[in-house]
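Student: This is the structure, below, for whatever I ask next.
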Amino acid sequence: MYTVKRPPVIKTQPESVTVFSTEDFVMNCEASGNPSPIFRWAKDGEDFDPGSDPELKVSESSGSFAFYTLSNTMDTLNKYKGKYVCYASNELGTAVSNEAILNTDGKNKKVDETADEGKSFILKCNPPQSSMEPIIHWMDLRLRHIELSKRVMVGKDGNLYFANLESSDSRDDYTCNVQYLATRTILAKEPTSLKVNPSNSVLRNRRPQMMRPTGHHSTYHALRGQTLELECIVEGLPTPEVSWMRRDGELSETRTTKDMFDRRLRFTNISESDGGEYQCIAENSQGNTKHIYMLTVEAAPYWIKEPVSQLYAPGETVRLDCQADGIPSPIISWTINGVPISVDKDPRRTLTASGSLILEDVNFGDTAIYQCRASNKHGTILTNTNVYVIELPPQILTDDGNTYAYTEGQKALLECETFGSPKPKVIWERNNDSSFLLADRRVNPLSNGWLEIANVTHSDDGIYTCTVPNSNLSISLVSALYRLLSSADRTVILSPPQALKVQAGERAIFTCLNIFISENKEDNFGNHKRMIMLVSNLLIGISDPKDRTVTLSWTPGDDHNGPVTEYVVEFEDQRSNESVWKMLARVRENKERAVLSLWPFMSYRFRVIAINDVGKSDPSKPSGIHNTPAEAPDNNPEDVKSESIEPNTLVITWKKMDKTEVHGPGFKYCVQWRQAVGGGPDWHEKNVTEPPFRVDNVGNFSAYEIKVQALNEIGRGPEPDPVIGYSGEDVPLEAPMDVGVEIINSTTIKVTWAPIDKETVRGHLLGYKIHYTRKVHRSHHRGRRAQELESTVVVKTEPNEKKKVISDLRPFSNYTLKVTVYNIKGEGPFSEALPFETPEGVPGPPLTLTLDSPSETEMTLHWTPPGQPNGVLIGYLLDDSPMQVETIDDPTVTHITLKNLDHKSDYRFYLRGRTAAGDGVPITMKGATMLDGGVTEMQPSFATQGWFIGVVSAIGLLLLILLILCFIKRSKGGKYSVKDKEEGPMDSEARPMKDETFGEYSDLEEKQTASQPSLCEKSKLYSEDNLDFNGSSAMTTELNMDESLASQISRPSGGPEGFLPENAPLNPTTFSPATNGVPNSVTILD
């Protein structure tokens, strides 16, 4: 009896195990094969013989090998920790198992811990290393769970974390229990004692700090498809709150959950799209801290293509394709019977860049088990492939005497399945003649032994035989049952037929010079006949309607010596109410046919337009009507979203689909919705004809999964992916809590508040609004205060802000402050009004400062108090450079006289108000005393004012004109009127001057001057004053001035106020009374 030999195959892989007791130490490996495989082991990459170790017991039988320990103590097992690999071998090769890791765990000693009340603390668990994920339970000796909370929790590392200790945390039986579900093992650690020292003083609050992980940033690599948990365990007093957010996108509410009192963020079936930045934020009344996770989703190796075990004949070339993928990309390596392949030692072996192994000219010695191994940092996968080099007689597996029937023009495929080693060679004959294979291009022998004949005709009828050595198999091919019109059957159409509508099964006759087409129904083989329709100069061939295509051909017309550059195919939908021709395709000039893709459930008519360099031709006559069958929609509407505005409603909208996407009668949209969280698996749905769709009584700002699916009477479109939409927003319900104000300085505060519960926002949180109103308390000195109200100022913040610094406040003012939260619908209620008062600040400058000089060595300063005292005025500070600084302690004083001044010096005065906060902003004035007792005030910015420059320019021009007129009049002998002088008042000093200086006057001159004053009189006024300004005294200089001139100087009406601005420095109304109406040098200078 012949026995088939088989190479070894690993049936039971050795498993990784953590040994907690001697009974747990078992390594088992099972394999099949013929002859029975022989087992050997390797530990940490070196040969390991468990049978030679006196402390191990071996159990070996046909196809299995196991070993376990004979020791009764755990201490002896530590030397067996490591990585184990099982090898199963027979004469055909060696199979290699996966790695199995063996870990041991010993008992830990009891630990006594001591800590202070209010401090943070960590109780260590230190679970043993294992390939299995343990479950940690902290319990007492009575096996009751330690109560967990936001303050006390278990980390992923198994440790017990205290955010802040309380005296009640003292106990001596904290026990860490490690549970392994796979092995049904619970390992209890030694109890730990914790004593909390009570505090004798008030506990000091602390801002949050990270306990696990430490720092502010960490990188996390996850494997695709796994369940992943990120955690943030924090300490602080009071116990902090923790929240999570995704920094580079939206946090998925359906695939992420929060656990362990929001300290953990869990991902289920994680994918590459979950990679990104995640942030946990811990905060209490003392502040906050943050930690950012950089999450990268990678993948352990997985197979894309595995090599196939197969029989090969000597001399063949073997190609073993091995392709794997992963993140990062895995490295492919090969072994033979567990031994790495050396390509250099055997030139017949080649390793390709893609990971394939090629064996050329194989022989019986190449029979073996080949292992392909794919590895990256996340793991290793291994596959065993049998290469069996053997000689077997050829066989034909296909049944003999098969009959094939094909329609003319189709592709025939004749089967001839073979088996053998080496691979049998197939020879095909037709009617005992093999020459047809070389003579006909349509005939193609395939590599698998089959025969392909393209575009079959009547001449292909016959008996076909495939032959291999030691076997004969005949296959016959019978002619097709019907045939299509061939090119020889075409007829010139002299008169086109008219389009007809017929029912299936009826006879359709087209009158076309006695040419007609057979019945339009399905043949016995289920294939539609090709229908030839000739309309005008268009020849339309319609393919199987399921293909949604039509072949359109045409005969070109006269191009009028202008070669056609392209053809445009247009269509018209007869079902549409609009009679519009639309472009369907463009065809190159050397084409006279086109395969057109059509939409289902449309009634088409076609026409063709030719285009050359001159322009377009007239359209051809339209073709007949071609109806495409109805189908279910291919697509669903796009841009599905919620546009809910009103509270308690969900308005679902989408982009209407084009009529070409309807595909059938009874088109509708199936709108589906359900709550994203807590709504259950069932969907609500409603069929509608157009958007939008409104759902009532859905709550305010609730998250819903929504999707819209297209459907018609034939069926539904593809299953759409749900999107998240929210019901309408409403104004927030609650005001921010814990609003506080911290005074930074007299003009700046910091406002803080607790984050609002997002469920009470009832919408997208846009931020917070801080409203503050000032009730002004202004004081010039102690005991005098006035009040005024100002409008409310509103400051907006970002949604994530919990504090805001506000500047530009007024010092020494009472304010009230309120905070609201707002969304797109408006603001919520105000927080409780919080009054605060800004401290005193330095005052602003005094409003005015004027100078007066009683004598040439004295100067009096007059001022008005500051308009913004910014506190209680306690006096003034005068810096009269270059003299000393003088302090005025009486805030009610508004003037001061300075004596013993130097009339030859200029003085610059700086006057400041003073409050308890310090010295204020000064007002500045520069001046000098004069010999006449006046004072010169010099304001540096005065001469640069535009109105002053304009006035001085106008005065200068007017004076020049007056002087010119005066000299002209004198040159003509003009004299003053004596009568006017005699009638006017005259003092004792004026008369001698008249007698000594002036002569006789004629009556004519008196008449001329009596009615109109001389223009030179005004000019003399300014010329005399100018002389006075140049160093002589107006009271002591002897001038030839008569009474009329003196009277004009003393009268206000004679001054130049007619052309000066009211507030100009030269206006006579501003003259000091001390000057007796005469402008002094100060006035002229100003």
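Using N, Cα and C of the backbone, Cβ positions are placed for all residues, glycine too.
What TrEMBL records for this protein is below:
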COMPBIAS  1042-1051  compositional bias 'Polar residues'
COMPBIAS  1066-1086  compositional bias 'Polar residues'
DOMAIN    7-103  domain 'Ig-like'
DOMAIN    208-296  domain 'Ig-like'
DOMAIN    301-388  domain 'Ig-like'
DOMAIN    394-476  domain 'Ig-like'
DOMAIN    534-631  domain 'Fibronectin type-III'
DOMAIN    636-730  domain 'Fibronectin type-III'
DOMAIN    735-841  domain 'Fibronectin type-III'
DOMAIN    845-933  domain 'Fibronectin type-III'
REGION    617-643  region 'Disordered'
REGION    1042-1086  region 'Disordered'
TRANSMEM  947-968  transmembrane segment
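Locate each feature and note its surroundings.
Tutor: Within the model, the domain 'Fibronectin type-III' (845-933) carries an average pLDDT of 86.
Counting residues 6+ beyond its ends, the region 'Disordered' (617-643) has Cβ neighbours under 8 Å at 499, 501, 533, 535-538, 540, 542, 545-546, 548, 550, 552, 554, 557, 570, 572, 574, 581, 598-611, 650-657, 661-665, 667, 669, 691-692, 704, 706-718, 720, 723, 725-727 in the same chain.
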Student: According to DSSP, how is the domain 'Fibronectin type-III' (735-841) divided among helix, strand and coil residues?
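Tutor: Helix, strand, coil within the domain 'Fibronectin type-III' (735-841): 4 helix, 57 strand, 46 coil.
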Student: If you run through the domain 'Fibronectin type-III' (534-631) with DSSP, how many residues end up as helix, strand and coil?
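Tutor: Result for the domain 'Fibronectin type-III' (534-631), in helix, strand, coil order: 3 helix, 45 strand, 50 coil.
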